């Protein structure tokens, strides 16, 4: 029987530039499996007896970017070659770890130049970290251990089978539980039972009503009925809703009471017991001091007085602010008038300088013997001092006449 070992060789981009290094890496892989080299196009296949080794070489950047699609659960080994010794350049992203996990078969291994500071990410991806003895090289000692990431074999979950309950036979006979039986009644029995139920309900309701009425009489709610106050035994009459002593109030009597101002004695006695007048706030109760604030539901007029005081204060403030605004505007107008007068006076006091035609025609600044302190007036502004009379003029020759045109327009 022939068996095959599929190996994926992932190379760092810096390794691909050296062809000899790539061939050395391949030969080491073959030597580790004790096989002979036979190159067949894109993949290298070697056979020894009944074992076939398929070696696939890819650049890791193309695999991570998805340019090259590789089959899942296909490779027995994946070897990563990275010549960088620093740990920061050996870091493998989590997305690449997950892809390698999918490419490997169960119990497949990912080995080579692996990072040492990503063990947590490796375990979270699903790998198991194992240690293997590194192959002997010139710079390495025998027995040196390196980390290898192994894809574990999936464990089959145990299947729980439901079994039927065994029936045990015994000599003792057990009675089976049966549903309750209902007996159908005759018409006479139904009528008698209904009468008994109704009689019991009526007696219970009467007892409950009597007890409730007695409790109401004993509480403070008894002042609503005058008959209950006179009864000493706490019994309640059946005609509680009808009060013979209730007095009927006529609407005309109410109108007459307001018009007569208590002159009508009948109306006054009638309404004095029925009308409720609000109690005025007594200042003397608070030690002669006025209350700070009216009640929430004030009916004595204190709330209206407070609102009137607030409105009066607002009116006073508005008047004062209006007067202040008027005075401020008047002062601003006066200040503006003063400034205008000062500007007019300053313009009148200015002295105008006038030049004659002789002064404007020709001005000779280049008379020999008349030079500045620096002695380089004719050379230009770059060589003139701060107080030079020739500043702004072009270079000239000594004795040359300089004419100033349009000098009068600037005055």
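In case you wondered, yes, glycine gets a Cβ from its N, Cα and C as well.
Features of the protein shown, as given by Swiss-Prot:
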- 281, 295, 298, 300: [2Fe-2S] cluster binding site (BINDING)
- 374, 377, 385, 388: [4Fe-4S] cluster binding site (BINDING)
- 199-211: compositional bias 'Low complexity' (COMPBIAS)
- 1-192: region 'N-terminal SAM-like domain' (REGION)
- 190-246: region 'Disordered' (REGION)
- 193-261: region 'Linker' (REGION)
- 281-300: region 'Fe-S binding site A' (REGION)
- 374-377: motif 'Cx2C motif 1' (MOTIF)
Rounded Cα separation (Å) that holds between residue 295 ([2Fe-2S] cluster binding site) and residue 385 ([4Fe-4S] cluster binding site): 90
Residue 300 ([2Fe-2S] cluster binding site) to residue 385 ([4Fe-4S] cluster binding site) - Cα separation in whole Å: 95
Lowest local Cβ density (other Cβ within 10 Å) among binding-site residues: 295, 298, 377, 388: 295
Cβ neighbour count (within 10 Å, all chains shown) around residue 300 ([2Fe-2S] cluster binding site): 14
Other CB atoms within 10 A, centred on residue 385 ([4Fe-4S] cluster binding site): 12
